[in-house]
Amino acid sequence: MNNSNEHRREEAGAANEQMPYNKAVKSAYADVLKDKMNREQEISLRAIKKGIYTDGGETDNYDMDKENDSAYEMFKKNLDFPLDQHNDDDDDDPYIEDNGQETDGYSDEDYTDEADKSFIEDSDSDSYDLESNSDFEENLESSGEAKKLKWRTYIFYGGLFFVFYFFGSFLMTTVKNNDLESHSSGATSSPGKSFSNLQKQVNHLYSELSKRDEKHSSELDKTVKIIVSQFEKNIKRLLPSNLVNFENDINSLTKQVETISTSMSELQRRNHKFTVENVTQWQDQLVKQLDTHLPQEIPVVINNSSSLLIIPELHNYLSALISDVIESPGIGTAGSAESRWEYDLNRYVKEILSNELQYIDKDYFIQEMNRRLQSNKQEIWEEITNRLETQQQQQQQQVQQDYSNVPQQYSSILMKRLIHQIYNSNQHQWEDDLDFATYVQGTKLLNHLTSPTWRQGSGVQPIELLTDSKQSSSTYWQCENEPGCSWAIRFKTPLYLTKISYMHGRFTNNLHIMNSAPRLISLYVKLSQTKEIKALQTLANQYGFGQHHKRDRNYIKIAKFEYRLTDSRIRQQMYLPPWFIQLKPLVRSIVFQVDENYGNKKFISLRKFIINGVTPQDLQIIENNEFPVLLGDTPEYGVTQNTDEGKRKVLLSKPPYASSSTSTKFHPASNVPSFGQDELDQ
């Protein structure tokens, strides 16, 4: 019996080892409570993720929770009641312990009052924070409050889930921000390294581009050299060996083509035959043009024979107008002059002083000219016909001429004569009139009207400006740059002024002479007869002049001149006003006043004034025709080449009124151009 009891107790112990109440109280309670909490958490998580809150789901969860609660209640009851209430018949027999005492078969020493007490104490001192759960357990004793506890549990775990969810998202955001800040701080912590890396990359790219450009340029240079060499080879093959002769041939052919084209164009324009009627039409057209463009008063020269002579400017104007009328393609629109005819009275001061320059009415001039053209119409027609025939013959001969010969060359003798003629022409432009601004002509300096000399200058006195030496190109008088630097002279014999000029050098390095050169020069004159001063002043006031000099009121301002350093002419003329020329006053002394220079504020540099004029004795000789006017060839200032070239021809047919400037229009020497350092003014 004892063996059977022991066997039964072993089976009961093995079967009851799996039950929570067969374990230690503390561990059993913790396992059951943990299992329940895990199941409730899994159920709430699945419900939140899937969003299943239907009635069926709530029912299932409620059944599962009910089963769990019943198991938990059973465990509690087993703890409160002894295990003697069972229907097993085998357990009715008392169990005899080793000590001889009888006990029930299912009694256990573990389930004593002390065990219950220890279970309660262990549950109160449990390490888990389950105070709320212990309260929850007490409330489960009543079945009416179980349902409320279930919903509170759901709300609690749902709130806990949301707290964990937001806390996790906050942690993730914080981590990301920390990563970004660490990244930015890491980026900003090493700006030098980033800049150096960028600089290295840029330098590398620049070096690559430079190498590429050098490579392309070298390849381009090689290609260009090859092309140029090939081009030179091809050109050398095409060009003849003697390039000079080839160039001469090309020039000759070009001239032939130009000549042929000119002759053809002229022949096309002149396709009509010259007749007397055409000449009459030209005459009528010429008269109309003269009537339109000529002024109302025509200046002419009347010599001793009372014959009318036109001045050279009018002669040139008529020649150009006649050529324009003849060469025009149509008669009706031919001969339109570009501008009105103008002339300069400064060229005819001598003729005005001798009363040879007079004015006639335009109608009388045109009538006289028309009468002479009418009487010589046949002669003009014959002359034109002969000239055209001669020109056509020359053109035909020129076209048929062989230009393959050696081009013509100038003779060395002809070249020497041409150079000699140019030299004489230039020299004669300087020597054709006396310079009265020299002390050798008796002119004296007026010290009381002359400005003081600049003390820090070269020491040249104003009297040096009266020297007659052409070698004194470096002689410059420097006066103080006071308001109006003056230089005054007095003639030995009163003069009729014909031309006044000033001469100043051109220097490349000595710029203090250039910026102190006079720019604006005023001319003051004192008349020989005091009774004419008032008339001169009244006339000058009408043209904006007539002011008195600040040091002497007897000197009257008649002109103002601007000397231009930009002009290549070193000798520039101070033109006399026409009203002064027509008044014909006799001048006793002159004052030149420099109103402005080219920028020097300390001093003004003056070199040379040239004054040309005629005396009353010269006019008397001209009026009486006591000495013939010498015209023709230019006088020889150098060595004569033969006796015939040095002769002066006396042209008695020419009127005695012509001056040197006027006579140069009638001989070839005046038309020869000047060159080099000998270039002088016209």
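Cβ coordinates are placed from backbone N, Cα and C, and glycine is handled just like the others.
What Swiss-Prot says about this one:
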| type | residues | note |
| --- | --- | --- |
| BINDING | ALA187, THR188, SER189, SER190, PRO191, GLY192, LYS193, SER194 | ATP binding site |
| COILED | 241-273 | coiled coil |
| DOMAIN | 427-616 | domain 'SUN' |
| MOD_RES | SER189 | phosphoserine |
| MOD_RES | SER190 | phosphoserine |
| REGION | 1-23 | region 'Disordered' |
| REGION | 82-111 | region 'Disordered' |
| REGION | 171-682 | region 'Interaction with CDC31' |
| REGION | 641-682 | region 'Disordered' |
- prompt: Given the model, what does the mean pLDDT over the region 'Interaction with CDC31' (171-682) come out as?
  reply: 76
Task: Inside 10 Å of the Cβ of SER194 (ATP binding site), count up the other Cβ atoms and send me the figure.
output: 11
Cβ neighbour count (within 10 Å, all chains shown) around LYS193 (ATP binding site): 9
